[in-house]
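Q: Sharing a structure with you now.
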Amino acid sequence: GRFPCCFGFVFLWPPHRQSEDEFTCATGTCLPASHVCDFTEQCGDGGDEHHCFDWDRCDFESDFCDLTQSDNSQFAWARKTGEDGIGPKWDHRDSQTAHFLSMTYKGGKQPLATLRSSFFLPTGVRQRCQVTFYYHLPPQDGALSVGLQTHQGGPVQEVWRQTEAQKERWTRTTVTIESRDRFQVRSKLLPSSETPAIDDISFSNGCVPEVGKSSAHKAHKTHHCVVKHRHRVCVCVRLFLRPPLPFFLLFPSAAACDFEGGSCGWYENAPGDGFDWIWGSRVALQPDYQDQAPPQDHSTDTSKGHSMFVVKTTKSLSQKAELRSPKFRQSASGCTLSFWHYNYGQAVGAADMYLRVDGVNNNTVVWRTLYDQGSRWLRVLIQLGRLTRPFHFSLTKLSLGVFDGVSALDDIRFEDCALPPPVPVCQGQQHFHCRDTKACIDRLLVCDLTDDCGDTSDEDHCAQGLQCDFEDGLCNWTQDDVDNFDWTRIQGPTPTAKTGPWKDHSLGTVLGHYLYIETSAPQAFRDTAVLLSPNFGPTAHQACIFRFHYHMFGQHVYKLAVYKRTSRDAQGLLLWAQYGEQGNLWLRETLHIRSSQPFQVLVEGTVGDDLNGDIAIDDLSFMDCLLYDGDLPSAGLTTPWGSSGPPTEAPNNCSHEQFACQETGRCIDAGRRCDFRGDCADESDEVTCVQPLCNFEGGLMCGWHQNTSTSSEAEHPFQWFIGQGASLHPGEENHRPAWDHSSASHDGFYVYADSSNGAYGAIADLLTPLISRTGPQCTLTFWYHMNGITVGTLQVLIISGGVTQDLWALSGSQGNSWKKGEVFLGTRDKFQIILRAKRGISYIGDVTLDDVAFEDCAPLLTPDRQCHTDEFTCANDFCISKDNLCDFSDHCGDASDEDPRICGHFYGRCDFEFDLCSWRQWQGDDFDWLLRVGSTPTLGTGPSADHTLQDPSGHYIYVESSFPQTVGNVAKLSSLTISRLSRDCKLIFYVHMAGRSMGSLLVYQVTVSNQQRQLLNLTGDQGNYWQRRQLALHADEDFMVLIEGQVGKGGKGDISLDDITFTGECLPAASASSPAPPTSRLCPSGYLQCHGGGCYTPRQRCNFVDDCVDGTDEEECGTSCDFEHGRCGWKNSLADNFDWVIGLGSLQSLRPPVDHTLGTQNGHFAYLEATPAGLRGDKAHMKSSRWTESSGTCRLTFWYFMSPKATGIIRLYVKTDHGLSEVWNKTGSPGDTWVKAEVPLRRLRDFEIIFEGVRSKDFGGGAAIDDIRFESCDEVPGLCLLLTDFMCANKQCIDSHLVCDYKADCDDGSDEVDCGDVHSVPGTCDFNVPEGESWESSCHLHQDENDDFDWTISSGVLDTGHGGKGRFIYINSVAQKEGSVAIISTWAQFPASVGMCHVRFFYYMHGSKQIRTLKVYTATDAGMNLLMWSTSGNQGGTWKYANIIVSNYKPFRVTFVAEVGVDGDTDIALDDISFSKECITQGVVTLPPPTCSLESFQCQLVPQCISSTWQCDGEADCVDGSDEFCPTKMPGTLGPQDRCHSSEFQCRSGQCIPSLLRCDGVADCQGAEDEFACPVKLCLNDSLLCEDTHDCVPPSQRCDGTVDCVSFQPDESSCTGELAGVRHAGSALRVSIGKVLNMEVTRVKSPSVPKRV
């Protein structure tokens, strides 16, 4: 029968009477005894509040009753009502006029309030003292506690505490008091800022007063805690401000007993035969019997410690010692009993423990020990489970007259045996609220054949046919007829000893039934027994949940597995498997099953290699599953079950390019399906897609599927499996992990590629469905475990456009731990990800994965708000954090946050694609940071690609940790100096530290006074992926950043860095600015002095013209050079790990035997230095200074030497503001001779020449250059380089942005004539306004209302013109405090533009050393202001000119911000502000060229004139390339372009290829001319590089009908819906490109121009 009122884990004390733990109302309702006489009527008839005369109670309506307070407390308890306004508004029984106790201040020494009871007698086994009261604790940091005190001033033993507010309501609590001494109850309160209260205190009738009671009132109680009896105890309650202590619910002493205080109710049930269990210790026994007690107990490990043990005092054959436990009412489903047992001696004998349940005739053996177990304590764990009837235990030993030994019991503990507590409401839908007990249980425990509520309500109203406890047979499960044998139904233990369970799971006794497999003969190893479930229908939006209990105990247990099949003659998909012995316990498993077709569950037991391998199952149940009446199809059938049509959809009118949402029929673009964002209300567009996170729990694959096309057709192919640590079978311990990563438990799931199958090199692929698109920060993360001496390889690949590309790879054992992998994906569309495992040479080591996640992969949504002031507004209107601006990672999705025209002012910004930028190798360290492409030389460490391009062709720097470096060696890298005036300055960089012997990366901030502060210390392996780091920088003086790489113990410790930048708020120190060339008093302001005394302008330096006559202006520019007298200004890059070295000829070394100039061994040349540590691919760079401009006939000649001995590759680059272009290269050996090279440079402006040398083999070098000559490079007047150039009246050409900037740049001053249209641009101003007229109005400038003070206009000698009589504006620092700012902005907004608008102005910063900063921003209506330019510090006593480009993707104002320094001599002045025409035209201003002369060539498609000598010279000089549309060409130059379409390229053979194939790194023309004269700039994120402008065109501008790249129009190439063709010029015949496509998918493409078809 059931006992609805008898729940909770309590016990009966034999041989005493049962405690009164319940109260029965007149209505029959049962209440806990603690709810009687508690001032709350619960029976309905008031019966529980009648007859309370023997209870001490107080409702404070008249007085404090017998409760007293402390005299020296600062606070006191006072009787209040809700009308008093102090404390709660109502008392416990919702009355505003009734009284309760509230805390008030009275002024004592101790900051607390105390309440004390009278004294009570010690509690005993016949009664329990319970204190019940109600409290109201406000949401502050107080704590209410109850404690016992034995005497006045003695310590207080806390027995209860509450620290958290209870949502502004009265809360009831009952505290059970157990004390061997007399006691008093005390209450204390350390007050909070709000007022707590208590009400309705009651002491149960088990609380016996120290003196006699009166039936009416206990009038003779002592009110002071004075020691009158040694057993006297007082109890206190207090409230105080301390962190809450952990809260433990204590069961009665029998629930946890160490026997130190008594026997806890365990007793000898058959006394008097001289063979008994007794309670005691070894030292307490008489000497004759001490050897029958354990030497030490288990609790205290001493001979004085207590336990229960057997003592034999007489000899008899019929002696029996029976230890009987207390009786327990019931137990919860998770209940376990543990104890420590000692059984030692030659004739100690066996012992059996029985479970005895009231009303059950049979006793169940729950534990047995046989004979001598050694002189030690052994732990025993017994699973009890849910027992609904009272029960007790009996531990029996028989003497048989020969007992000789020690048998003892200690440290008994019951755990998880109490039913869940009642709660008013369950939180969340995943819980079930029990009907009568009001407990909350997990929803997964409902209808699982176990009464978890205690009132059976969780097992009521369960669906038929979904549960089976085998008490009445197999239910609707069936035995398979194609396995080897059947499951057996049984009660009690299995026939074979030392295996199988002793009782079932359902009843927990020998009367219950379960199924098991008998592994004794005639069964053989690996024979299987299969149990079949009924058929189930396909799952919809929620999984079908399968719960079962299994028992796997025995030395030879092999395997239990669960499969799901959708065809009747197949084994199906493995859902779960468990191997090996799991202990003598019933274990629970829950599987979440999903299927788009009807399915069946198979439970398969497999026989081990001997008879001790019985496996049992019980209590099989399903939830959220629908039975299916039909049969499953045969595996050979291909038609789906049910109708042959598609699944039922809501009516819709969606096209084939749209997706219909399942529930509503709403049409969405098909490209929004599988994009990690649910666009349908029911998210049906993401149902069949890969899920953002997969932890494989419950065996779910989350959309990942096994690619069977890559699996072997062998009987046991190498493939991925779902696994658990719990499923490891013997011998697999070191092959895959014993715990998953998600939950770090043996029961957690993961996937693994089982290397016990397949052959060496076999492949297993996990593949996603097609992913339609991703957002800009999409990253694939995963955790991998690769342990074992022959573990293979893990790869991440991507399939896009039919091409498969490697993204990440790792091989070999990585240790017995989970490690994180990360692959940046970014913005992509229509692709799949492959997780590939390659089997190693043997079976020892499986590749294992868990927690595979697509993070931040949903495409960005257009925001419905304006960007905040700490956010950057992208070109596409998205908002990103300012810390993500210009950090080398596309957060906008259109790369506008990484636009170099926006990021150009960011200090220290470097992607290491060519050199170290402004970073410097530290002098005095042990070795240098190295520039690297691809992976580092040492396997098992370093990245496989850089961070910038995420491609093996990208560059980064790294520390090489292998020989010749030793442990502790350091390489240091330093920045230029940062100003102390920088606000909110941060350093951002990416680091890669993966390897077993990783050292340390340390980052320091070092001030100019050498004060050092460590910012970061990374030591050890940080993971095999690039990690972003951000460090805050601040100092009281200028500082630099020092990055130190430290070598660890071993060669696998390469430390890599990439993409370093300081944020825009970091300002360069005045000392970090490029030093101005020396000036002279003999020359006008802004001019430089020649050695011979003349003067020249900075623009005349390095312009191929000897303006000084003595060569001063051209020296050290990287000029023509024979290297006989030095390097002539050619400089080595500081980024390289080896150099171009000036040397002499030598017959013995690798370099040339003689130079070219003199032809002797005494002549000099520059050659590639050979070093012992040099490796193939190392690069060395030698570059010129920045040349201002060259003529149209300029060419560079030099001689080079390369031989089989003097090896290397030589390349020549031209670097301009538009990027880097390769103009010449040479590989191979022309023989042991000097060879001349001639390279036409043509007309260039602001450029550098760079020679690159590359080692062609390890330790190699020696290739050389000599006799560099610039020929015909001085500028020819009358012919401008760019269409936008301004031609001065004297035929001189200048940049258009120098026109009308209040400064003559033409020698004749003609650029400052007719400036009315430029000077009319709002904001342009020379500030020469008449006195009394508002300069703000005249200049269209606005003083900011939110700054600290205003700019002031003045006149003085500092003005730039008019003899010092002009006016200017300045900040007056005298009356301001340090750090105050003044701001002026243009009134009107300029149109959005990037890289076109120039702001020109003059500024003056001279005075104190404490001068602060001047900054220029572009400011928009929303989002952050963008810093475009800044300067700081004393700039000298002259006006300085600034010409800066201002950019913003939104309409903007230009803002000038000046900051005051420490003292009054920190004024900053501005004058002559002007804006170029491009600022208002929102585009490039094209100035028409003069009519072409007879000596010039007129370009065909653009209004441009070039020299006729440039026509057909192999290089396009017209923007449209028409000067190279020539009938014949010399080898090595571009062919004619007169027969193919404008978006095609014409090979010399006449073949036309899509222009998209030009300069893609793959020769498509027979003579490879499609790869001639190609730029080398790299574009990111599938952008396309235009040859003519060197701009990167984003994918969104491809095939949009607008030509963005004039030369060959590659952005509009191959844009038809059909495949592009290859044809012969002049012929209508088109040849299929299918074979070409097949070839292309296997080739490595240039990352700058991806081919598209």
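Each residue, glycine too, has its Cβ placed from N, Cα and C.
TrEMBL annotations: computationally assigned, not manually curated.
Below are the features listed in TrEMBL for this protein:
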type     : residues    : note
DISULFID : C25-C43     : disulfide bond
DISULFID : C37-C52     : disulfide bond
DISULFID : C447-C462   : disulfide bond
DISULFID : C674-C689   : disulfide bond
DISULFID : C874-C892   : disulfide bond
DISULFID : C1083-C1095 : disulfide bond
DISULFID : C1102-C1117 : disulfide bond
DISULFID : C1288-C1306 : disulfide bond
DISULFID : C1300-C1315 : disulfide bond
DISULFID : C1540-C1552 : disulfide bond
DISULFID : C1547-C1565 : disulfide bond
DISULFID : C1559-C1574 : disulfide bond
DOMAIN   : 56-209      : domain 'MAM'
DOMAIN   : 255-419     : domain 'MAM'
DOMAIN   : 466-627     : domain 'MAM'
DOMAIN   : 692-859     : domain 'MAM'
DOMAIN   : 908-1068    : domain 'MAM'
DOMAIN   : 1119-1275   : domain 'MAM'
DOMAIN   : 1323-1481   : domain 'MAM'
Q: Honestly, do the domain 'MAM' (1323-1481) and the domain 'MAM' (692-859) touch, with at least three Cβ pairs under 8 Å and pairs 6 or more apart in sequence?
A: no
Q: CB neighbours of C1565 (disulfide bond) within 10 A?
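A: Its Cβ shell of radius 10 Å holds 19 other Cβ atoms.
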Q: Determine, using Cα-Cα distances only, which of these disulfide-bonded residues is closest to C43 (disulfide bond): C1102, C1117, C1574.
A: C1574
Q: When you rank C37, C689, C1547 by Cα distance to C1095 (disulfide bond), which of the disulfide-bonded residues ends up on top as the closest?
A: C1547
Q: Around C52 (disulfide bond), how many other CB atoms lie within 10 A of its CB?
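A: For C52 (disulfide bond), the 10 Å Cβ neighbour count is 16.
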Q: What's the CA to CA span in angstrom from C52 (disulfide bond) over to C462 (disulfide bond)?
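A: Distance between the two Cα atoms comes out at 44 Å.
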Q: Of the disulfide-bonded residues listed here (C37, C874, C1306, C1547, C1565), which is spatially closest to C25 (disulfide bond) when Cα positions are compared?
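A: Among C37, C874, C1306, C1547, C1565, C37.
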Q: What's the CA-CA gap between C1315 (disulfide bond) and C1552 (disulfide bond) in angstrom, rounded?
A: 49
Q: Count, for each of the disulfide-bonded residues C874, C1559, the other C-beta atoms lying within 10 angstroms of its own C-beta, and report the residue with the smallest count.
A: C1559
Q: Run through the Cβ atoms and count how many others sit within 10 Å of the one on C25 (disulfide bond).
A: 16
Q: How many other Cβ atoms are found within 10 Å of the Cβ atom of C1117 (disulfide bond), counting all protein chains shown?
A: 21
Q: Rank the disulfide-bonded residues C674, C689, C1315, C1574 by the number of other Cβ atoms within 10 Å of each Cβ, and give the residue at the low end.
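A: Ranked by other Cβ atoms within 10 Å, the disulfide-bonded residues C674, C689, C1315, C1574 bottom out at C1315.
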Q: Select the closest residue to C674 (disulfide bond) from the following disulfide-bonded residues, measuring between CA atoms: C1102, C1288, C1559, C1565, C1574.
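A: Closest by Cα distance to C674 (disulfide bond) among the disulfide-bonded residues C1102, C1288, C1559, C1565, C1574: C1559.
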Q: What Cα-Cα separation, expressed in whole Å, is found between C1547 (disulfide bond) and C37 (disulfide bond)?
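A: Cα-Cα, rounded: 104 Å.
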Q: Can you grab the distance from C1102 (disulfide bond) over to C462 (disulfide bond)? Cα atoms, rounded to a whole Å.
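A: Between the alpha carbons of C1102 (disulfide bond) and C462 (disulfide bond) there are 92 Å.
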Q: Under 8 Å between C-beta atoms and at least six apart in sequence, can you list the same-chain neighbours of C447 (disulfide bond), or say none if there are none?
A: D458, E459, C462, A463, L466, Q467, S621, M623
Q: Using a 10 Å radius around each Cβ and counting other Cβ atoms from all shown chains, which of the disulfide-bonded residues C37, C462 yields the largest count?
A: C37
Q: Taking each of the disulfide-bonded residues C892, C1095, C1552 in turn and counting other Cβ atoms within 10 Å of its Cβ, which one has the fewest?
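A: Fewest other Cβ atoms within 10 Å, among the disulfide-bonded residues C892, C1095, C1552, is found for C1095.
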